[in-house]
Every structure is written in C-alpha cells, then in structure tokens.
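What TrEMBL records for this protein:
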DOMAIN    129-418  domain 'Sugar phosphate transporter'
TRANSMEM  128-147  transmembrane segment
TRANSMEM  159-179  transmembrane segment
TRANSMEM  191-214  transmembrane segment
TRANSMEM  247-264  transmembrane segment
TRANSMEM  270-289  transmembrane segment
TRANSMEM  301-324  transmembrane segment
TRANSMEM  344-360  transmembrane segment
TRANSMEM  372-395  transmembrane segment
TRANSMEM  401-418  transmembrane segment
Amino acid sequence: MTSLNVVPSSSSVTFIKPNHQCLINASPTLKSNFLCKVHSNKNHLHCNRTTSQLHEPGFKSSKLSLTPTSQIPCSVTKLSSFNRFPSHPFNVSPKPNHQIVKAASDGANPEGETEIVASSSDPKSKKFKLAIVFGLWYFQNIVFNIYNKKALNIFPFPWLLASFQLFVGSIWMLALWSLKLQPCPKISKPFIIALLGPALFHTIGHISACVSFSKVAVSFTHVIKSAEPVFTVIFASALGDRYPIQVWLSILPIVLGCSLAAVTEVSFNIQGLWGALISNVGFVLRNIYSKKSLQNFKEVDGLNMYGFITIISLFYLFPVAIFVEGSQWIPGYYKAIEAIGKPTTFYIWVMLSGVFYHLYNQSSYQALDQISPLTFSVGNTMKRVVVIVSSVIVFKNPVRLLNGVGSAIAILGTFLYSQATAKKKVKKIEGEKEE
C-alpha cells in the first residue's frame, strides 16, 4: 500500500513511503497521467491527472479513491497547504466580479484572475435617465404646489394639511422598508437623538411654508423662498464659516429682487411673507444642524435620512396642530364640502398634495445622488422658475411688471450664489488633496 504526501510548494503529487495521514487504495489499472483536483470542503480527493510518472507497466484508466484512516489527527479539509492548488481549472475564478475588481484595485492578484474593468455607461442613456429624474422632480413639484394650494383655498387649515403630508410620507417610507424596496438602516438610540434637532427645524420649515401658501400666491412664496441662500450665509458665518467676496456679492441681487417682488405683490400678506421667511430659517438651520449632528451616520443614505426626519416631524407637528386649529377642523370640513360640491374632489386634492409632497422630495434626493451639487443647485433654481410660471398660469395670478422683474432678479441672484459656493467647495477639495 502506498501513501500520499501533498507538497505545498508545487502542484504535483508524489508517492513516498508510509507515516503520513491518508492512504491510497489504487486500482491496478491507473492511467499514468492524471490531474489532482482538491476540494477543501470534501473528505475525498478526485484525481484526474498528475505530473508524476508511475513506472509500473500496463496501467489503464481508472479512478483513484482516497480513504482516510480513523486515526487521522488532522482532517484533509483543514490542510492549509491545499490553498495553493487551483480550485478551478483553466484559472477561472469562482469569486464574484466585484471582488476581483477590488483585488485588482489593491494591486493584488494572487490567483491570476482576469481583471474586470467596468465599462462606462452610454452617455446618451445617462443623459436620458437624468432628464427623466429632473422631469419627474419638476412635475411632482408642480403637482404638489397646485393641489396643495387648491386644497388650502377651500380648507384654509395649513397645520392639518401639513400634518397629513408628513403622515403620507411616513406611511410611504414604512411601506418601502417593509417590502424591502428600500434598505432600512439599523436604528440606534444615538441616531434617533441626533435626528431630533434636524427634524424639529424641518417641521418649522414645512409648516411655515404651508402657512405662507395659505395666505399668498404660490409664486410669491417661492420668490421669497429663493432668498434661502441669504440666511445660509448669515447663519453659517455666525457659526464660524468663511465665504469669499463673490458669495456675499451674489446675495445682494437676491435681497433686492425679493424686496422689489414683495413691494409690488398684488396678493401681499404679512403673515404669508413671514411664513416664507421663517420657512427659510427653518430649512437652513436643518441643513446646518444636520451636518453637525449626523456626521457620524454617513452610512445612512439621503432617502432613509429624510424618511426618519419625516416620521419624527409628524410626532412634532400633529399635537401642536390639534392645539392651534383642531377645534375648527370639523366646521371647516363642512364648509369645504359645501364650497366644492363633491367630497371626492376634495379628498383627491388632499391626497395628491400628500403623495406628491413626498414624491418630489424623494426625487430630489435621487437627483442629488446622480449629479454634482452644482448641477443640483442650478436644477433647483430652475425648478422654482418652472413652479412660479406654472402657478401663475394655473391660478391666473396678476403679475405686475416690477413684480416680474424683482422675481427674475431674485432667481438670478440664487443662480449666482450656487455658482459661487460651488467654486468655494471645489477649492476646498483641491486644498484637502494637496495636503
């Protein structure tokens, strides 16, 4: 009887005398050349071919069976030297492609796998996909603003409507997580605590905007909300950030344009103006606070982060909504049904405002994932233009010449601000790379 010794430093199998772990019961008809293929997860050895030459004449093809003895101190499956044998013929690796690419990027290719380089996607298809995302983002925003305003015209209770919109967004995200259409991150106590501040400012921004929508024209609210960069620069500078002179100059036309639009606005209302301004403050503080409190939770993507903020905001807002205007909801409901005639129409308007409020925010996060912050800022600026024009057309709001000029100047200032801040970010990144 002959014993087998697997030599780690080569791919051959040699036969020597006893005192080793595994015994070979070989048939007298064994082909002279066969290849040994070792599977570490099995307790037998399939032998197909070897570089060893057997000097006994007249050997014929047969299988080589390996029978381990009952007193083997170390199982074949635990032999680390087996790792040196190619586990798949023709050097085809069983590893997934993403592991091969990662290994290649690390400069290591120990098993000779073919390095797979992902080919760049077709620019035309990428532009088409981006156009679809932007189109949905704009369309959903327009639908929300139109039906939100229609609902508020006959049911002027923005606290309830804003709460309902957060409720719809919460149900939507819970459905995505339950159906595993969106991966749900692990929830921890520190994560929830870190979300409390951003969710509070998000609540303030959302309800203030809804109050403004209920008091003035949609176009006017959006013109005032285009002044958000002004508050960003002021609050961020107060907290220690430094901005170049180009950024400060870019906010001047925003202030001038918003002031001109406010003075000449036909539907001007002080509550509507203050609502839009407070909304700007709320969303700016949300963004600033998020960077500080959520920087340790970068593994959570934007859509999931927004989902959790929506749920917490609902718990913030609804109790206050009951306190502020809860006693007026039932009488206001009957007045709304009487004014519109068909309850179904009212329900559809409210439902569309809730669904499309969440959808346009979801699309904005998806757009931000696929484009640069500069492109997103430009797209967001153009979105306001599209919403203002569409609301004027739908509601047939009268627009004075100076009001239109002021709106255009404010939008231009927002565009210049996005350009200036993008250059600031690029210089900051380049400085970090040089360091």
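Heads up, the Cβ atoms here are built off N, Cα and C, so glycines get one too.
In TrEMBL, annotation is done automatically, which means it is predicted and not curated.
Between the transmembrane segment (128-147) and the transmembrane segment (247-264) there are fewer than 3 Cβ pairs closer than 8 Å, counting only residues 6 or more apart in sequence, so the two stretches are not in contact. Among the stretches 301-324, 344-360, 372-395, 401-418, the one making the largest number of Cβ pairs under 8 Å with the transmembrane segment (247-264) is 401-418.
Through the fold, the transmembrane segment (301-324) approaches residues 159-160, 162-163, 166-167, 169-170, 173-174, 176-177, 182-185, 191-192, 195-196, 198-200, 202-203, 206-207, 290, 294, 358, 361-362, 365-366, 368-369 of its own chain, all at least 6 residues removed from its boundaries and within a Cβ separation under 8 Å.
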